[in-house]
Amino acid sequence: MSQKVSRKEIWYETLHSSFGQYFTVDQELYREKTAHQDLVIFENAALGRVMALDGVVQTTERDEFIYHEMMTHVPLLAHGNARRVLIIGGGDGGMLREVCRHKTVEQITMVEIDAGVVEFCRQYLPNHNAGSYDDSRFKLVIDDGVNFVNQTDEIYDVIISDCTDPIGPGESLFTSDFYAGCARCLQPEGIFVAQNGVCFLQQDEAVNSHQKLSHYFQDVSFYQAAIPTYYGGIMTFAWATNNSAYRQLDNATLQARFAASGITSRYYNPAIHQGSFALPQYLLNALSAQG
Ligand code: SAM
């Protein structure tokens, strides 16, 4: 939703009817109604290029590194030996860029429902993919993620659901059908992570995901990071595995694995990794009340 004002257009994000955020649109770079979503990319003085889908901000150049580093390095370094990675969504390319930094990963599949997002982000958000779309390990599949995970005969070590919120095409990626499909194509010792919203404002989404994932995985929890663009506090990332030890790795192990990876980061470090599994009491209370 946007309205013209005297100096600059103001772009409002109103995820919640009485609470939101705004961006000045310094220059609209691209707007397209793709087959699935209304896509806009614009320049903002504070956050750089901003991409929104169906009126909801997906990513900004200024703070995307926090989200993409936490959704890749935490599961991949916790796993310690991931060779095959599946990204669901991720059309802006930021998640792929960070997965590609892990040289031990041999194959990366990305299942994105909207070819337009890949095409337009490749052109207008080049810093997100940073050339990773040309990585020889990468394979792009244009499909609904829920279809893919329920039909593929491939098996993965880590699955990363980098999806929109559960509205529009993203809705199917918060269903039991999707989670069952992920459990189906994940190695028994595999790790599943998913963006699960800002828990202070979208607590029900976290509780619902936890309840559904618990039917398919033995150890389900969350980890968290604060990303300024996803306003309202910490964003929770769903965490689902069959091995609770993955969440309890000691600092020395994480330090050694991070050093061996040779990755340089701007947000992630082993202490942040360990601390990210500490959750606010209100969320813990809501999860235990759910049973
Ligand atoms: N960082 C963002 C967030 O936290 O909301 C997510 C960014 S990424 C651009 C979200 C991607 O999910 C989009 O490219 C969108 O097209 C894709 N997507 C939405 N629903 C999907 C589905 N059912 N299957 C595959 N991709 C989907």
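Glycine is treated like the rest: Cβ placed from N, Cα and C.
Because TrEMBL annotations are produced automatically, they should be read as predictions rather than curated entries.
For the spermidine site, TrEMBL gives HIS68, ASP162, CYS163, THR164, ASP165; the one candidate out of ASP38, ASP92, ASP134, ASP135 that the record lists there too is ASP92. Record note: TrEMBL gives GLN37, GLU112, ASP144, GLY145 as S-methyl-5'-thioadenosine-binding, and the candidate from PRO75, PRO169, PRO188 in that site is PRO169. Site extent for spermidine: the farthest pair of Cα atoms among HIS68, ASP92, ASP162, CYS163, THR164, ASP165 sits 16 Å apart. Restricting the average to the domain 'PABS' (9-242) gives a pLDDT of 95.
Only GLU112, PRO169, from the binding-site residues GLN37, GLU112, ASP144, PRO169, place their Cα within 10 Å of the Cα belonging to CYS163 (spermidine binding site). Neighbour counts were taken as the number of other C-beta atoms within 10 angstroms of each residue's C-beta; across the binding-site residues ASP92, ASP144, ASP162, ASP165, the minimum falls on ASP144. Nearest Cα neighbour of GLU112 (S-methyl-5'-thioadenosine binding site) among the listed binding-site residues (HIS68, THR164, ASP165): THR164.
Binding-site extent for S-methyl-5'-thioadenosine: residues GLN37, GLU112, ASP144, GLY145, PRO169, maximum pairwise Cα distance 16 Å (rounded to the nearest whole number).
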